[in-house]
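As recorded in TrEMBL, the features of this protein are as follows:
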| type | residues | note |
| --- | --- | --- |
| DOMAIN | 2-121 | domain 'Ig-like' |
| DOMAIN | 126-215 | domain 'Ig-like' |
| TRANSMEM | 221-246 | transmembrane segment |
| REGION | 259-327 | region 'Disordered' |
| COMPBIAS | 271-307 | compositional bias 'Polar residues' |
Amino acid sequence: TRSLSITSVGHSTFEKAQGEKVTLPCTFVLSEEDEGPLDIEWVLIPADNQKKEQIIIMYAVDRIYNHYYAAMTGRMQFTNPDPRSGDGSLDILNLKSADTGTYQCKVKKAPGVQSQKIQLTVLVKPARTKCSIEGSQEIGKDVILKCASQEGSPLLSYDWRRVSGTQELPATSMLNKNTGELLLKNASQDYSGTYNCVASNRVGTDECSVQLNVTPPINTAGIIAGAIIGTLLGLCVLGFLIFCCCKKHREKKYEKEVHHDIREDVPPPKSRSSTARSYIGSNRSSLGSMSPSNMEGYTKTPYSQVPSEDFERTPAQNPTFAPSKVAAPNLSRMGAVPVMIPAQSKDGSIV
């Protein structure tokens, strides 16, 4: 006997980009013998055979149930609101890379049962593609232009083109479509310009640009000489500043020491003993110069007192000395032995 059959055959593989919409077909035809209730199920078959199939959406007893798979809640629906018309196709909106997998449509109407598997691959378009330059942009050097996408499902392919000047790649260029590297050997100034890279896969493209500016070699010797001269000048300036700071520090230190130094502008007064000693010394020297011939007129008057600076006398107490007599210092009070000085009398005899 003839029973229901699925008519949407030949569409077993689908590739879509992330964010897009896909319709997984599942159309069928019923027969007169199929008298039971209609039952349509969409299930996700995991890649791991150890895991169970996950029901995504189901139509049963004239009702739709779509709360079984939380990852697709709000993103899936039957293409036809009334699957009894023979269309049990499934729409998945805003595709994600995690939606990649094998989907199976099961149609049941007793006694007929049919199913169909569909492979869905959600690809990510190339995105956030960046261009860069590696190597010295000097005449005669090798330059590498690099291109890489931060996002994108494999297999990615890269292609470079020149968008300025002759709009053709240099004759010495070598392109690697898998890595996105463009090698420019023995670069010349004619290679300067804007280059554009296009990254692509089966679901989309993305691109970026870079500006190449090939210049003459840099005068390395002049740069080194300038750096050396600049360093020496800097050291000289630094040494001069250090010298000035040290000199200023010494001047401040000297001024501080002179400010706190105690000066004695007036010499201290002489002590009494030093005054007396100087007086005795002067008299000794005068006595030592006397001889018997010039000692005439001096008497034997004993030495009485040593004059001092702080000994005060009234005019009435001042002794009167005869011209022929000289008062000698009292050597005994000074701790010296008294010396007897000979004198000559009027008749010429020595006393």
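Each Cβ is built from the backbone N, Cα and C atoms, and glycine gets one as well.
Heads up, TrEMBL stuff is auto-annotated, nobody curated it.
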Notebook entry, point to check: Over the domain 'Ig-like' (126-215), what does the predicted model average in pLDDT?
Noted result: 93
Next item on the list: Just give the helix, strand and coil counts over the domain 'Ig-like' (2-121), going by DSSP.
Entry: 9 helix, 56 strand, 55 coil
